[in-house]
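The structure under discussion appears below in the form of structure tokens.
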Amino acid sequence: MSSLCARREGWGPSSSLRDFDLTPCTEDALLSSLFALFILVSSTRIFYLAKYTSAISKGRAVLWVKQVLLGVVVVLSLFDLIVLALKPSTTHNRDALSLTHLSLSTLSFLLTLPLTHLESTRSRRSSSLILIFAPVYLILSAIRLRTIGTSTYIDGSVVFIVQVVIPSLYAVFWIFECLGPEYEFTSRIRLSGPDTLGHGTANGTANGHGEIGIGGEKKEHESPLATANIYSRWTFHWMTPLMKLGASKFIDEDDLDNLLPDDTSHALGEKLAHNLQGRGLWTALFLSYGGPYAFAALLKIIQDSLAFLQPQLLRWLLSYISSYQNTKAGGASKIEGFAVAVMMFVAGIFQTVVLHQYFQICFTTGMRVRAGLVTAIYRKSLILSSDARGKRATGDIVNLMSVDATRLQDLCTYGLISISGPFQITLAFISLYNLLGWPAFIGVLIMILSIPLNTLIARYLKKLQEIQMKNRDSRTRLMSELLGNIKSVKLFAWEGAFLGRVLGVRNERELVMLRKIGIVTALNTTMWTGIPVLVAFSSFAVAAATGSSALTSDVIFPAISLFMLLQFPLAMFSQVTSNIIEALVSVNRLSAFLAEEELQVDARDVRIPESEPVEGSLVLEMKGCDFSWSSPSSSSPPSRTSASGSASTSATASASLVPTLSDISLTAHSGQLIALLGRVGSGKSSLLSSIIGEMYRLDGSLDVRGVVAYAPQDPWIQSASVRDNILFGCVFEEEFYGVVIEACALKEDLALLKDGDLTEVGEKGISLSGGQRARISLARAVYARADLYLLDDVLAAVDSHVARHVFDHVIGPRGLLSSKARIVVTNSIAFLSQYDHLAFIRRGIILEQGTYEELASDESTEVAKLIAGHGNIASASASGRASGATTPRTDGEGTLVGRSRAGTPPSSSPSPKTEIDEKMEESEVFFEKMDKIRKSGISTRRARLLDPHLDSSSHSTETAKAAKKEHSEQGRVKRDVYAEYIRAASIWGFTLFLITAILTQISSVLGNFTLRAWGEHNRSDGVERGVSFYLLLYGLFSLGSVLFSCAGSILIWVYCSLRSAKRMHDAMLHAVLRAPLSFFEQTPMGRIINLFSRDIYVLDNILGRVIQNLFRTLATILGIILVISTSFPLFLVAVPPLGYLYYVVMVYYLATSRELKRLDAVSKSPIFAWFQESLGGLSTIRGFSQQNIFMIQNEKRLDRNQMCYLPSISCNRWLAARLEFVGSLIILVTALLSIWALVTTGVDAGLVGLVLSYGLNTTGSLNWAVRSASEVETNIVSAERILHYIRLEPEAPEFIPENKPDGEWPTKGLVEFRDYSMRYRKDLDLVLKDINLTIQPREKIGVCGRTGAGKSSLLLALFRIIEPAAGTIFVDGVDITTLGLHDLRSVIGIIPQEPQLFEGTLRENIDPTGSYDDAAIWVALEQSDLRAFVETLDGKLDAPVREGGASLSSGQRQLLCFARALLRKSKILVLDEATSAVDLDTDKSIQQIIRGPQFVDVTMLTIAHRLNTIIDSDRVLVLDAGRVAEFDTPKTLLEDPNSRFYSLALEAGLTN
């Protein structure tokens, strides 16, 4: 070793010649080790970077400067090495070590040249290696230069100058390296916006596909993390521009930066999907996102070690103070104390960096886990089998996304404490053993004994949590159904019944369970808070009783610091245990969902030819197919078989499962029009579902050759503009779009809408009529220009004349789709003669099929019987042009034949050009336009899909966007929100909680003062005296602290928090139920569900906890400041500057954090809304094969939320890094003041120990105070949002006692409209104008008119869904505007156009209020032709009904609504096209019921699309543009060929 180091001081390491210095050999050894490590790592990095091509052209000037500086450093280093090498070997400072040091330094600087070049041209960040190496090298060089400068042997001034210049130039190089590879001298870094560190590339590729805002412009804000160097990431400086922006203005989404490509939900979802194959969810999550998380675990271990270094440094300092006092400065070095103080400061800073990198990785991993899971849940939902989907309510699946995914995110945040906690506890006890000896293990024993207790509590909590999750699911499901069927709830006045159901689950199950969980959690927290106190007490007691030496301050206060450090892992252990329990429950739920059955992949064989099929080519072929909604018992998929034979697996499956559809054989060719007929529930819609792959194929083969378009019976309309609903992800082609609008009879409807086709329609198209929804759904299918069209009774919901128009222009032989294969489910026989092929289905079997002529001519066929039974319609249909029974044919030239004169108005009434003639002319013009388009190929060419990564809603107007945007406050949360919350929580309860928080802190401080007095007493006496007195006092104060803490926990958790949650939930539920229907038309259901799930969850579980944390932390800080200030009044001098720094950081943080949290909350709603909407339209999405597009749209919404979430968590880290710096400064100032006081005036170690043990807690307490204040403010936003809903403007009162009608009302059923006018909103035109009419008791009135005439508005008027603008309505002489809404709506019966059913039993669906006995319900079922069906069900009246009535056909759902009306026995009954979804036989029996004895005394208003249902009414009301056009008997109106009713009847073929 002497040959290595030949200098006289030797190895050292401390110098014997200079105070507080190292020997030159030690310094050279340290520098040599550093250079060797740098050479090793930099060589690897150079090799790695060399594989990539140069990509960056910016910052060339900076690179040139850096290369020049490095070149000079290399030359000087070589010079230094040569000078030393040339010296004689006898020179005192020339040895192997110095030569090694200079050789390695020269090689290091040489390697830095290519490394810098490659980092600058291949990477976008400054070299992390250089940035870590440079400061360490410069510090060691400074120490070395100080040694050389103060030593007596300087080898000539030139060499020394060179040795000074090399690190100086390297320091300049280091500064340039910090600027980054993309820095240019010509530009100035902009500080006013968040994109300071990089503005994104021109093509927006920063995040994979250039983030597009939903409904917004393309954002070019590249993530600053893409270019942030290691210092910026360590200190979170990359967040500073956004923080500055937040302090100067309210941040909105456009100010935020894009995500990094790897953090986009698409990338995260792909990673999880790949790793889920054949693995469990836990494994897949770890493989996908566990790498950085494992590194975070390492960082946490380092941070824990540093945390336990502080008490050791404190002990060193206190020992120094004691020895200084004892020797009276004789033997102790004055610099030692100051050095320890600086070391405590440096350790604190290093600890801060490590801790917050750990936190950032944990939070980011949580974000990734949530995004990956939400993407996986959404993807799974899109391929979920119909059977599996039926078992799960929408609310349940939404809960998986909103609650379970969030729980796993929460686990990632603090989950590593399960590893770190035991490590911290182990470190604490090793340190305590060093201080106290074996008495410390009394504490270990107490902790070991507490573990079984914790396990028991954890198991009990898990059980409670599982029950609670089910309760929450039940409530969310109820809310989901309530909101989905809100129109029926209001029309039937069922608000009370549903309120009772929801509050039953909420108050009797959910809150009771929350109270139990609250009590157990509060006791659990108290136990973990009390254990460190008990451990400290028992350890000190045993140490005092058995120890050989007295307990002094340098033992007590480091021990107290360790006990305080022990408190965090123990306190967090309960939270982490509960997080792990919740996560286990959630993973089980998620795993069960992800393992659910999916759609059968090979249910159909789809091949899409490159070119469109030519006319007559085969598009669909079904041979001997058996289908079932339930999956086959055989796990293997069915083999493809011929029609004659089946594979054994299929046969087995079929044997074990009764198929819904049996032996289905059907073919469809291009240009062919096929009708599917059959009674309600026979399997017509199921057949279409089987073609789009919704059912399991048990046997046979199904081949589809082309693109499919599907229009379901219940149209699915998105919450978007009419145009976006029709385009459905396709490119906008104006010419063809116009033709589609015209063909689907939407032109007049769009003219009535405020913004035309850019008008935003509410969720499920709630602001549109049933007919409009049906036609938009049809237009969507037509615009897709598919090869095979599946149309499920699309004409049922439209007026008969509109049905005629749509059939002629779209479906029929001359319609837009005439060259396509069309399969149409129909309950009408009006157009049967125009179909090329008919198929009659009964009980899942195609009973007969053939052409119209074949089946109609054979009287034994079901089709012939059907036509014979409804001959009036058939004959009407055969009556010429208006009916279209004569199938138009074209000659070889494409000219129409056989349409010349048939069906003109009777010659007996020669009139000028009638409305019919005008319509005919319009049709001819349209057909000419269509022929032109067909020749151009636009109508046959398949629609081009938009790039889903681009904004698909680009056509929406700004006003439409504004209407969709969720309400969000700005700025500080208003004081009245806090006041309302505290008022709801109880002012007295809250005050008591504050008192307990203050008393807890007072008890704790007094306990520590007791220890100080005891320690100083022992130091001065040298022996233990009065142990029992001090222990008793300490024990009492500690016990008081624990008990006050427990009382506070129970007060805030069980009393205040739940009280406010109950009051605010109930108030919001009441307010939402009392809101007018227009509110639900404009507010997406997902947004309201989000309030009732996520925001209520915050009130239930989070807000109370964060308020408790805030006030406890504030009390702790107050205690710290008082203790330090009373001990060192000089500390008060440091308080103002530190306070100012704290304030500035607070201002920046709170302003930005608040808005970011709001944006995070608001950006969550579109995810839920989109998810909920998608679940409602699964069959349509899958029918159009648009799953991929919908997944991308979901990913975009998720990315938008992540863009808000990532800065909001980074914002916390930015704050904590700065606050902990303030905390470290407080420790430094306190320690320096202590040493100063010691050196100048003298100070006791007990006081310093007390002050510094509190000072060490300052960092955490300051951080937690701001964090808690911010968490309170961000979580109180949930209360703010709830209060906004509580203050919704309600409808008219439900009850007005003074105006309640006497006795039974109405007794007659007389309805009078007097000067009645109505508008939907104040800023819109009148939709009903000056309506004056009287409807006599028992009169049957038919209401008709063209689309937009005001038929549905008349219905809304009668129920006061919308209040009159002028005039009023009288029922039996009572002005209905003076009544309570419940009194009015509960006495008028209605059978709505859309049958809305709820999950539950049949009985609950027919009679939700439970007002009728079983006998009355059975009578109603018999009258509505449902008794036979219900008697076949298991459970009969208690048979389960799936969500939305999915277990029943549309016709059965309609009949069930009929039973509701029959049960109510109202004197006034409104039928809103009540028979549109039923087959003709059922329709006939319903019409007989309506005209039967049970409705003789009922006044009836029938809004009709099919005029045959009102042709025998007493009188017919014809509306036109909101006015009464005609009101007379049908006979009178039909006798007048100029009447509007006559023209409508003529179009429907009813004039004969």
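Using N, Cα and C of the backbone, Cβ positions are placed for all residues, glycine too.
Whatever TrEMBL says is automated annotation, not expert-curated.
Counting residues 6+ beyond its ends, the transmembrane segment (29-48) has Cβ neighbours under 8 Å at 11, 22, 97, 100-101, 104-105, 107-108, 111-112, 114-115, 118, 127, 129, 133, 136-137, 140-141, 144 in the same chain. According to TrEMBL, the feature transmembrane segment maps to 29-48 (among others).
Under the heading transmembrane segment, TrEMBL lists 68-86 (among others). Remote same-chain partners of the transmembrane segment (68-86), defined as residues 6 or more beyond its termini with a Cβ less than 8 Å from a stretch Cβ, comprise 94, 98-99, 102-103, 105-106, 109-110, 112-113, 116, 159, 162-163, 165-166, 169-170, 172-173, 176.
Summarising the annotation, TrEMBL assigns transmembrane segment to 157-180 (among others).
The annotation transmembrane segment is assigned in TrEMBL to 281-302 (among others).
What TrEMBL lists as domain 'ABC transmembrane type-1' is 294-582 (among others).
Under the heading transmembrane segment, TrEMBL lists 338-359 (among others).
Marked as transmembrane segment by TrEMBL: 411-432 (among others). Residues 293, 296-297, 300-301, 304-305, 307-308, 311-312, 358, 362-363, 365-366, 369, 440-441, 443-444, 447, 539, 558-559, 562-563, 565-566, 568-570, 572-573, 575-576, 579-580, 582-583 of the same chain lie 6 or more positions beyond the ends of the transmembrane segment (411-432) yet place their CB under 8 Å from a CB of it.
Annotated transmembrane segment per TrEMBL: 555-573 (among others), in sequence order.
Annotation comment: TrEMBL describes 646-868 (among others) as domain 'ABC transporter'.
Annotated compositional bias 'Low complexity' per TrEMBL: 876-885, in sequence order.
For 876-919 (among others), the entry in TrEMBL reads region 'Disordered'.
The region 'Disordered' annotation in TrEMBL covers 949-969 (among others).
Taken from TrEMBL, the feature transmembrane segment applies to 981-1007 (among others). Within the same chain, residues 1034, 1037-1038, 1040-1041, 1044-1045, 1047-1048, 1051-1052, 1055-1057, 1059-1060, 1063-1064, 1103, 1108, 1111-1112, 1114-1116, 1118-1119, 1122-1123, 1276, 1279 sit at least 6 positions outside the transmembrane segment (981-1007) and bring their C-beta atoms closer than 8 Å to a C-beta of that stretch.
The domain 'ABC transmembrane type-1' annotation in TrEMBL covers 992-1274 (among others).
According to TrEMBL, the feature transmembrane segment maps to 1027-1055 (among others).
Residues or ranges marked as transmembrane segment by TrEMBL: 1102-1124 (among others).
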Mark yes when the transmembrane segment (338-359) and the transmembrane segment (281-302) have three or more Cβ pairs under 8 Å (sequence separation 6 or more) and no when they do not.
yes
Surrounding residues of the transmembrane segment (157-180) on its own chain - C-beta under 8 Å, 6+ positions past either end:
59, 62, 65-66, 69-70, 72-73, 76-77, 79-80, 83, 109, 116, 124-127, 130-131, 134-135, 137-138, 141-142, 145, 148-149, 197, 227, 229, 231
